[in-house]
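Annotation comment: TrEMBL describes B:6-27, B:48-68, B:74-98, B:168-186, B:198-215, B:251-276, B:288-308, B:338-366, B:387-406, B:412-434, B:441-461, B:481-504 (among others) as transmembrane segment. The feature region 'Disordered' is assigned by TrEMBL to B:511-544. The compositional bias 'Acidic residues' annotation in TrEMBL covers B:512-523. According to TrEMBL, the compositional bias 'Low complexity' annotation covers B:524-533.
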Amino acid sequence: MSDTSPARVTAARKAAAGVLLAAPFLVYLAVPSYAKESPRLAGFPFFYWWQLLWVLLTAVCIGGAHLLTRRRGGAR
Amino acid sequence: MKDVEGVELAIFIAVFAVVTVVGFAAARWRRGQTLMHLDEWGLGGRGFGTFVTWFLLGGDLYTAYTFVAVPSAVFAGGAMGFWAVPYGAIAYPIVFLVGPRLWSVAHRHGYVTAADFVRGRFGSKSLGLAVALTGILAMMPYIALQLVGIQAVLTVMGVTGSGWAKDLPLFIAFGLLAAYTYTSGLRAPALISFVKDALIYLVIIVAVVYIPTRLGGWDSIFGTAETALARPNPATGKPAGSLFTNDMTHWAYGTLALGSSLALFIYPHTVTGALAAGRRDVIRRNAALLPAYSLLLGLLALLGYMALAHPGTVAAVKAAGNPQLAVPELFEQVFPSWFAGLAFAAIGVGALVPAAIMSIAASNLFTRNVYAAFLRPDATPEEETRVSQLVSLLVKLGALVFVLGFDKSLAINLQLLGGIWVVQTFPAIAIGLFTRWPHRWALLAGWAAGMAYGTMTAYGTSSPTQRHFGSPLDDIPFVGHTGYIALTAFALNMVVVVAVTLLLRAVRAPEGQDETNPDDYLADADPAPAAPDDPGRSLTGRPV
């Protein structure tokens, strides 16, 4: 691995990526926390819009983890 | 019996004709020096970029099962059918962690299947065989399900008959699929998935915008659905379902999502799609981009409620006695015929693409991990490819037997059984990518324990309509709730792996040779591109 700074993934960045990747599990597996009707959004009960919203946020989390741990300029 | 819907059928056939031409033409798309190499036929040349991979993996994971079975589960049971949405989200952090490492090590060592990796990592042909057979086993009912999806669409279009004629359209669709998979390999589904996804996105967006205006808006859809779900089922005397999970079903909901998400990336067809990528970063980016399909899946699931809120659809589904028809019937009744035809073509093509990838994945597993590993260790790449081509035909024939010979509701449950089986290879594949701590024989013992427990428990479940394999859910020992059997079996698997590893270490059992190095798991492709003016291999004169 190259020692130039942009190619290195620091421990702090790895930890932050880990948190981002764990977040969707915590949200979705806490089923009772979102199994309810209100607040409604555009006619959707909370149960439905919350889970659909988190599909997008999961993509954002993974995208963030990707950017945090990317090896820029490294040979591999 | 209803009349054949002429306009719909004409559009359906026209789209299928286009797809078939694309499928055969795909053999010439970005072709290498020869098609007679598994890297070419079975992995499309290992050079797909972010864009193609997104379509290929999307075409892979979002199948007729998703388009027909998930909405019908919501239609029949309410919130419990919506578990596919959390599943489609939390699978991707796992893909992000596991996928790039599998891609890198496979790139370094020329692995074509996950079982290739397991054999190389743990120095155990038998562990590779176990992984390969599990994968092939799980693929069969999954391919059969794609056929069930096509059948549902054909039924709604009025293409029915008796005896031999009834299944003839299905034979034709599958014959075409088999022919272009045979000639073009993985390039065919990759190219067709563009057509498929364009159609699917168009249909879903129109459906989600247009149908609610016909049904009085989302408020009214959820309201009507809630009333319909609360009505007691005459067979059981209990309500069919509810709009939300409750204390009885929270665990089932969560474990179905988690158990399925563990299975997603180690399914053989997903591995095939991922290894076809040209660079490591392609997988990482796609882990972040693929959830876009899960949003689509969520909207599709809500079509189940729209069907429930549409009296004509409810009546037609009840008359047919087949909840799989919910979405096709809704389209048929709400859309003008030409658009319904387009929607049915989307579902049909959406079934063919994954069926092609699955049959390629199953035949790659057979060729590499059964044929070349045990029967003909010195098989040439050309011989391997020929065997794969033939096996891909056999796999489809097997699936056809499945769908004609078995009850349809049984096939749905066998697919969930497929998930139970596939998850048992997670320790060897996914955990093996990070650590070699588990002993190879312990992994084999854990796999056997998980397979035996999972199969027996699933066999023991019954439902109002069948005595065995009635449900993917059962009591979780020591927890006191009902959960997905795959996850319980996986927990047992892991306990056995840890215990047996400690035992084998204590007696110093031989570890086997690890042919991989730590930096193999981070390797990337060389930046040098393939020669663009490669003449390719002549496509004529090959037996078809």
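Each Cβ is built from the backbone N, Cα and C atoms, and glycine gets one as well.
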Original post:
Residues of the same chain, at least six outside the transmembrane segment (B:481-504), with any C-beta under 8 angstroms of its C-beta?
Top reply: 248-252, 254-256, 258-260, 262-263, 419-420, 423-424, 426-427, 437-439, 441-443, 445-447, 449-451, 453-454, 457-458, 461, 472-475
Original post:
Per DSSP, what is the residue count of the compositional bias 'Acidic residues' (B:512-523) in each of helix, strand and coil?
Top reply: 5 helix, 0 strand, 7 coil
Original post:
When each of B:48-68, B:74-98, B:198-215, B:288-308 is checked against the transmembrane segment (B:251-276) for Cβ pairs under 8 Å, which one has the most?
Top reply: B:74-98
**OP:** With pairs restricted to those 6 or more apart in sequence, evaluate whether the transmembrane segment (B:288-308) and the transmembrane segment (B:48-68) have 3+ C-beta pairs under 8 Å.
**Re:** yes
Subject >> Contact ranking winner - B:48-68, B:198-215, B:338-366, B:412-434, B:441-461 against the transmembrane segment (B:74-98), Cβ under 8 Å >> reply: B:412-434
**OP:** Grab the same-chain neighbours of the transmembrane segment (B:198-215) for me: Cβ-Cβ under 8 Å, and only residues 6 or more beyond its ends, written as numbers and ranges.
**Re:** 15, 62, 67, 221, 224, 296, 299-300, 302-303, 306, 309-310, 330-331, 334, 339, 342-343, 345-346, 349-350
